[in-house]
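Asker: I have a structure I would like to understand better, so I am pasting it below and will then ask my questions one at a time.
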Amino acid sequence: MMQFKTLTVPPRPQPPPGLSYFPTLFPPHKTLKFHKFLTLLLTFTAYAAFHASRKPPSIVKSILTNPSNETLAINSNKNASSASNSDQDPFQFAQNPLRNETGWAPFDGPHGPHRLGELDLSFLLAYAIGMYVSGHIGDTMDLRIFLSIGMLGSGIFVIFFGLGYFLDLHSFGAFVIIQVFCGLFQSVGWPCVVAVVGNWFGKAKRGLIMGVWNSHTSVGNIIGSVVASSVLGYGWGWSFVLPGIFIIFVSIFIYMFLVVNPENIGFVLSGKEVEMSVEGVALVSSEKIETGEEGGMIEDEEGSVAIGFFEAWKLPHVASYAFCLFFSKLVAYTFLYWLPFYIRHTAVAGVHLSHKSAGILSTIFDIGGVIGGISAGFLSDVIEARAVTSVIFLLLSIPALILYRLYGSISMFTNTALMFTSGLLVNGPYSLITTAVAADLGTQDLINGNSRALATVTAIIDGTGSVGAALGPLLAGYISTRGWNSVFLMLIVSISIACFLLISVVKNEIKGKLNEGKWLWASVIAR
């Protein structure tokens with residue numbers, strides 16, 4: 001029999017200080033719909049800022065490693081030309097393109113990609129471990145303050161990494177320590193924003209709305225890629241400093257204006273409106289009694305219970321989703337950290353793109369990810385089957401990756417089109433799983449939708465997925481030295497395994513539809 005333990009609910013957070021400067025933001029001046037939109041906007045911007053600050057390492061990879069002799073020869077000519085025009089360009093002293101192009105110890109040399117992969121591993125492992133710690137800390141304090149601290153710390157350590165350029169830092173250990181602390185602070189972000197959104201939106205609001213909201217990941221990647229790539233000419237350190245300043249700036253707005261719970265400003269929602277996500281643990285939950293759209297505070301609030309760690313693994317489909325996310329995040333994070341590097345070192349129509357062009361072009365993958373997340377959410381709402389939707393996207397992503405590897409170098413058009421398609425199909429199911437899987441778990445009789453039990457389940461799922469996210473970039477760093485065909489083979493095998501792990505869930509969904517008299521055409525698959 002499963003053992004449960006009672007957990008106490010943390011003290012109710014107070015309204016954010018920014019609202020005191022704008023009294024008209026309180027009800028009844030502003031409606032519940034307005035504050036729901038404001039919450040979505042603030043949490044969207046917050047997590048987009050988190051992801052924007054994660055992109056610089058992938059953008060500068062091709063600069064930190066040693067370029068080929070041909071590239072050095074080309075850049076030598078460019079440097080000579082730049083020197084002759086230095087009097088006309090007042091910023092020439094800061095650009096120093098030769099310093100950018102000759103590598104940066106300890107990441108230059110034949111083992112440079114290995115070191116970069118290990119650097120990614122240090123960040124992502126710290127992130128995975130921090131997810132569990134962040135959940136427990138968030139249970140004891142105001143999520144607005146906790147999220148602000150995470151954003152501030154992330155910005156500071158991203159800036160510290162960039163200062164390595166200006167301070168001429170070449171210690172691998174120092175860079176690893178910076179990435180570890182950055183990963184720990186970054187782990188604060190997702191649990192907090194998911195918990196806050198979960199307090200404002202119930203399960204009925206999942207599908208398309210959550211698909212649109214979850215595009216913050218790709219939007220943040222796009223912002224980070226464009227900003228980091230645009231300032232590469234002035235030294236790779238600026239590619240870290242500007243995103244770091246950006247997330248610190250956004251943290252100020254989060255601290256001043258984010259309302260954690262509707263009841264903090266006098267609103268009440270009906271039912272237990274906690275939306276869970278497999279990438280984050282809902283940290284605050286309560287029973288809410290409806291008294292109108294704009295009313296008093298909740299009437300009943302009580303502690304909930306947590307399921308044991310090993311018991312949670314025994315729940316139906318938990319292991320399937322956990323290991324599916326392991327391989328899905330392995331693929332997604334490999335692209336996140338290595339796509340600009342791959343584009344930089346792969347000729348398109350016989351021409352190697354510059355570092356800046358490669359970084360900006362890589363945003364096409366994330367644009368596809370935005371459309372993919374929305375499309376997957378919409379499709380899953382239409383057919384009412386999350387696992388089936390995920391498997392469809394995963395299966396289609398296999399030929400998309402093969403075509404991108406084989407024909408992406410033919411022309412800029414084919415490269416862009418195939419990269420967009422790959423991003424759509426790879427990020428679609430990843431986005432869907434991170435916003436809808438816990439809803440399936442919440443329908444299980446063994447936990448009866450209990451949010452504290454779901455917290456343990458989602459922590460297991462995301463922790464497993466984060467290990468895959470850490471492993472993918474590390475493997476890519478080592479395997480890429482043997483050729484990119486091997487890297488793409490690793491990605492295809494990972495996607496295939498992710499599909500295989502969801503077969504049992506897909507069968508259950510199809511059988512459920514058949515029992516309801518739907519999907520009669522799928523009766524052969526369910527047998």
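Here the Cβ of each residue, glycine as well, is placed from N, Cα and C on the backbone.
Automatic prediction, not curation, is the source of TrEMBL annotations.
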Asker: Which is it, of 271-292, 293-314, 359-380, that TrEMBL names as transmembrane segment?
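Answerer: When 271-292, 293-314, 359-380 are checked in TrEMBL, transmembrane segment belongs to 359-380.
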Asker: Which range is it, out of 28-50, 419-441, that shows up in TrEMBL as transmembrane segment?
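Answerer: Result: 419-441 is the stretch TrEMBL calls transmembrane segment.
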Asker: Same chain only, please: residues at least 6 beyond the ends of the transmembrane segment (318-339) with a C-beta under 8 Å from a C-beta of the stretch. Say none if there are none.
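Answerer: 54-55, 57-58, 61, 120, 124, 221, 278, 312, 362, 365, 390, 394, 422-423, 426-427, 429-430, 433-434, 437, 441, 457, 460-462, 464-473, 475-477, 480, 487, 490-491, 494-495, 497-498, 501-502, 504-505.
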Asker: Before we move on, state whether the transmembrane segment (145-166) and the transmembrane segment (213-234) share at least 3 Cβ pairs under 8 Å, counting only pairs 6 or more apart in sequence.
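Answerer: No, these stretches are not in contact.
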Asker: Same chain, outside the transmembrane segment (240-260) by at least 6, Cβ under 8 Å from its Cβ: which residues?
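Answerer: Distant Cβ neighbours of the transmembrane segment (240-260) are 13, 15-19, 35, 38-39, 42-43, 45-46, 49-50, 52-53, 55-56, 60, 142-145, 147-148, 151-152, 154-159, 161-163, 165, 195-196, 199, 223-224, 227-228, 231, 284.
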